[in-house]
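Reviewing the structure listed below.
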Amino acid sequence: MESVAAESSPALENEHFQETPESNNSVYTSFMKSHRCYDLIPTSSKLVVFDTSLQVKKAFFALVTNGVRAAPLWDSKKQSFVGMLTITDFINILHRYYKSALVQIYELEEHKIETWREVYLQDSFKPLVCISPNASLFDAVSSLIRNKIHRLPVIDPESGNTLYILTHKRILKFLKLFITEFPKPEFMSKSLQELQIGTYANIAMVRTTTPVYVALGIFVQHRVSALPVVDEKGRVVDIYSKFDVINLAAEKTYNNLDVSVTKALQHRSHYFEGVLKCYLHETLETIINRLVEAEVHRLVVVDEHDVVKGIVSLSDILQALVLTGGEKKP
């Protein structure tokens, strides 16, 4: 189990940062270094844990039932946490084993989690990336970005218990609670174009008519968490995210992946408010406010005709705020 150790931190309560042009750009970095993961853990939260001997199908249904996106995996034989089961696993299973709407996906119906892990990882078992509650939030952000993961279990080193799952979204929301107390860094007033935050080359997208199975292949190949859905002119009309895929389990429609992404997205049409977008000329402050208020994981960057130009994710934002002080990532 690969855990991030705690650093010795300054006082953890509200800091009095010196307001100088030099220090302003690192004000969020200082904040993250002076707060521990423990500070972010709510007094009450839902945590679902799966034993690796559980059937894969039951595990995914349990994710849906409990309204969570991932769960730590407990290996009874090793008496330790060995990994995470996420929607990405569901996508990988469907993509690997789906044949046609007429053939049942035996591996999804019958495999245990441990069987799937053996097949999928094929002896390339990586230790579970986790973090101590006493480690700084700066360490947590660094670990999320360095390991290219979206969920970081907070595990008590003494008891071995999982206390919470840290995500980019939860960390940014926590930072936003205190953001008005700090002097505003200069880069917050700069535009996306000036800061070059986000991804603007080789954007993975799908058409409205793209079959779900093809979309799953793009998720697997490009390792992205969402795909803008575009019309024939390249204008964004919808977005198909990994989280939408778990609905196939909720509706038990995972045996027919030949339907279009448009049809697969009909389940949420009654409350879907449209794709959340932004423009290159908008400031970083505006972008952060939009992301936090809408509680989404990314914004689609478009031009004045709604043609997709790029994607800005929570990971991009945290990297800019905390690790690079508004500078373009190396």
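Placement of Cβ uses the backbone N, Cα and C atoms for every residue, glycine included.
When secondary structure is read from DSSP and collapsed to three states, ARG298 (ATP 2 binding site) falls in the strand class. The Cβ of ARG298 (ATP 2 binding site) lies under 8 Å from the Cβ of SER225, ALA226, LEU291, ILE311, VAL312, SER313, LEU314, each of which sits 6+ residues away along the same chain. Per Swiss-Prot, AMP 2 binding site is recorded for ARG69, LYS169, SER241, LYS242, PHE243, ASP244, ARG268, LEU276, HIS297, ARG298.
Marked as ADP 2 binding site by Swiss-Prot: ARG69, LYS169, SER241, LYS242, PHE243, ASP244, ARG268, LEU276, HIS297, ARG298. In the three-state DSSP scheme, LYS169 (ATP 2 binding site) falls into the helix class.
Per Swiss-Prot, ATP 1 binding site is recorded for ARG69, MET84, LEU85, THR86, ILE87, THR88, ASP89, VAL129, HIS150, ARG151. When secondary structure is read from DSSP and collapsed to three states, VAL129 (AMP 1 binding site) falls in the strand class. Summarising the environment of VAL129 (AMP 1 binding site), the number of other Cβ atoms within 10 Å of its Cβ, over all protein chains shown, is 19.
Other C-beta atoms found within 10 angstroms of the C-beta of ARG268 (AMP 2 binding site) number 10, with every protein chain shown included. If you look up Swiss-Prot, you'll see ARG69, ARG151, LYS169, SER241, LYS242, PHE243, ASP244, ARG268, LEU276, HIS297, ARG298 marked as ATP 2 binding site.
Neighbours of THR86 (AMP 1 binding site), defined as other CB atoms within 10 A of its CB across all chains, total 19. Annotation note: THR86 (AMP 1 binding site) sits in a strand segment as assigned by DSSP. Per Swiss-Prot, the feature AMP 1 binding site maps to MET84, LEU85, THR86, ILE87, THR88, ASP89, VAL129, HIS150, ARG151; the stated evidence is similarity to another entry.
Here Swiss-Prot flags MET84, LEU85, THR86, ILE87, THR88, ASP89, VAL129, HIS150, ARG151 as ADP 1 binding site, drawing on similarity to another entry. HIS150 (ATP 1 binding site) falls outside any helix or strand according to DSSP and counts as coil.
As annotated by Swiss-Prot, AMP 3 binding site applies to HIS150, THR199, ALA204, SER225, ALA226, HIS297, SER313, LEU314, SER315, ASP316. Long-range neighbours of HIS297 (AMP 2 binding site) (same chain, six or more residues apart, CB within less than 8 Å of its CB): HIS168, LYS169, SER225, ALA226, SER241, SER313, LEU314.
Mean per-residue pLDDT, taken over the domain 'CBS 1' (42-102), amounts to 89. Residues or ranges marked as domain 'CBS 1' by Swiss-Prot: 42-102.
Look at Swiss-Prot and you will find 197-259 tagged as domain 'CBS 3', backed by sequence analysis.
Neighbour count (other Cβ atoms within 10 Å of the Cβ, all protein chains): 18 for SER260 (phosphoserine). The feature phosphoserine is assigned by Swiss-Prot to SER260 (among others), with similarity to another entry given as support.
Residues or ranges marked as phosphoserine by Swiss-Prot: SER269 (among others).
According to Swiss-Prot, the feature region 'Disordered' maps to 1-21.
Spatially close to LEU85 (ATP 1 binding site) yet at least six residues away along the chain are PHE50, ALA59, LEU63, ALA70, ALA71, LEU73, ILE113, judged by Cβ distances under 8 angstroms. Within 10 Å (C-alpha to C-alpha) of PHE243 (AMP 2 binding site) lie the following recorded positions from MET84, ILE87, THR88, SER260, LEU276, SER315: ILE87, THR88. Within the set of binding-site residues ILE87, ALA204, ASP244, LEU276, the entry lying nearest in space to ARG151 (AMP 1 binding site) is ILE87 (CA atoms). Restricting the recorded positions ILE87, THR88, SER260 to those with a CA within 10 Å of the CA of LYS242 (ATP 2 binding site) leaves ILE87, THR88, listed by sequence position.
Classification of ARG268 (AMP 2 binding site) by DSSP places it within a helix.
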